Amino acid sequence: MIHDTSARSRTAVFSAWRGRCSRLTRDRWRVALLILLSIAVGAVGWSGEALLLPTAMLFPLLWAQSPSRLVAGAVSAGYFLTASRGLPQGVANFYAADFWHGLLLWLAASAGFVAVHAAFWPARLQKRLPGRGALGWGKPVRYLAAAVLMGLPPFGITGWAHPLTAAGILFPGFGWWGLGATTAGLAMMTSRYWPAAAIALGGFWFWSAATWTQPVLPDGWKGVDLEQGQTLGRDGSLDHHRDLIATVRAAAGAETRVIVLPESALGLWTPTVARLWQAGLRGADVTVIAGAAVIDPGGYDNVMVTVSEGETRILYRERMPIPVSMWQPWLQWTGQGGGAQAHFFANPAVDLAGTRIAPLICYEQLIVWPILHSMLFSPAAIVATGNGWWTEGTSIVAIQQAGVIAWAKLFGRPVVTAFNT
């Protein structure tokens, strides 16, 4: 009898041990699968193809399915690092430096995204309310809080790869209602209703893809792309400006009233440059919008200027320059001065020839709050410029353009773009 009891005890212990091992194995596979899927979602959703942006809507689901805060952080890191994978190479190109400089900045930039999503993962809620953390409304509310933080400064300064950008693909023309529907969809993807939400969002996605058309140009507007590499904005010679003026005059036509040139096209904006361009446009019934830099004692402003035969003025001052490479706030804090100045919530919309436009320069096209800020003022068109010579070998410019297209489609606005590569 003692032998039988001992045998049964050993059998029970072995069965329990085998059960724990099986669970551990399943958990490891689940964690690995979640991280691999987050990497795939980041790669596909942010490939630079506008119609693939809704893939990013799967990220909240993967975050919500994470079994621990650590895994939620790993899932967030996999998504964000893959979505922003062009940054290390871009930084290396910009500074003509070692790839490791870009790698360190890439990892540092991901820290905010990972920290926010890991912090809002609802571990306590799951412990207090078994089953309801994943099935109720705790996770949706917490995810929306994380999404809002990543959409607005200060975390929103590096809030790239925001799934909300997919709104324009899912609900083109629906404006703020479409944005609200996408927000609700993101929340539902973290709840027990995620299969129904995924089916509904998938239906809108396929419908949009089947009826997709590119945004139109504003009447009488034209964007001119350039391929001048890193010389654009650095070559201030008379010949350079004359060549650009010739390019503008060649692009002008009977139906063209406004021509848009890329970011930094005019280099340093001075009275001499302004007079040169006014003289060059004499007799041409056209207005030029072009990127330039304006120096002041505190640093410089990255701007859009407008110039015609009869007028020149600064049209727009960039709200959010590229952090670290352009915007270096520590220089101001230490009294050194220098770097590009950020005008966060200034000039969200500007008027030109009776048309209100939403201007976006380069980095502003990668984050959420500048375009939403602009759309509060009901602009008639979006004007997006960039100087992407440093993105060679990456998909950064394609991602910028996909984001601009998505926002233009969401709000039903025409858009004109001009990029230098």
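Even glycines carry a Cβ here, placed using N, Cα and C.
These numbers come from a predicted model, not from an experiment.
Per Swiss-Prot, the features are:
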- 222-421: domain 'CN hydrolase' (DOMAIN)
- 33-53: transmembrane segment (TRANSMEM)
- 103-123: transmembrane segment (TRANSMEM)
- 144-164: transmembrane segment (TRANSMEM)
- 169-189: transmembrane segment (TRANSMEM)
- 193-213: transmembrane segment (TRANSMEM)
- 287-307: transmembrane segment (TRANSMEM)
- 366-386: transmembrane segment (TRANSMEM)
- 388-408: transmembrane segment (TRANSMEM)
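Contact check: the transmembrane segment (366-386) against the transmembrane segment (33-53) gives fewer than three Cβ pairs closer than 8 Å, residues 6 or more apart, which falls short of the contact criterion. Take the transmembrane segment (193-213) and the stretches 33-53, 103-123, 144-164, 287-307, 388-408: counting Cβ pairs under 8 Å, 33-53 has the most. Counting same-chain residues at least six beyond the ends of the transmembrane segment (388-408), those with a Cβ under 8 angstroms from any Cβ of the stretch are 46-50, 53, 85-87, 89-90, 93-94, 165-169, 214-215, 228-230, 232, 360, 362, 365-366, 371, 375, 382, 414-415, 417, 419-421. Beyond its flanks by at least six residues, the transmembrane segment (33-53) meets 59, 62, 65-66, 71, 74-76, 78-85, 161, 163, 165-166, 168-169, 208-209, 212, 395, 397-399, 401-403, 405-406, 409 of its own chain at Cβ-Cβ distances under 8 Å.
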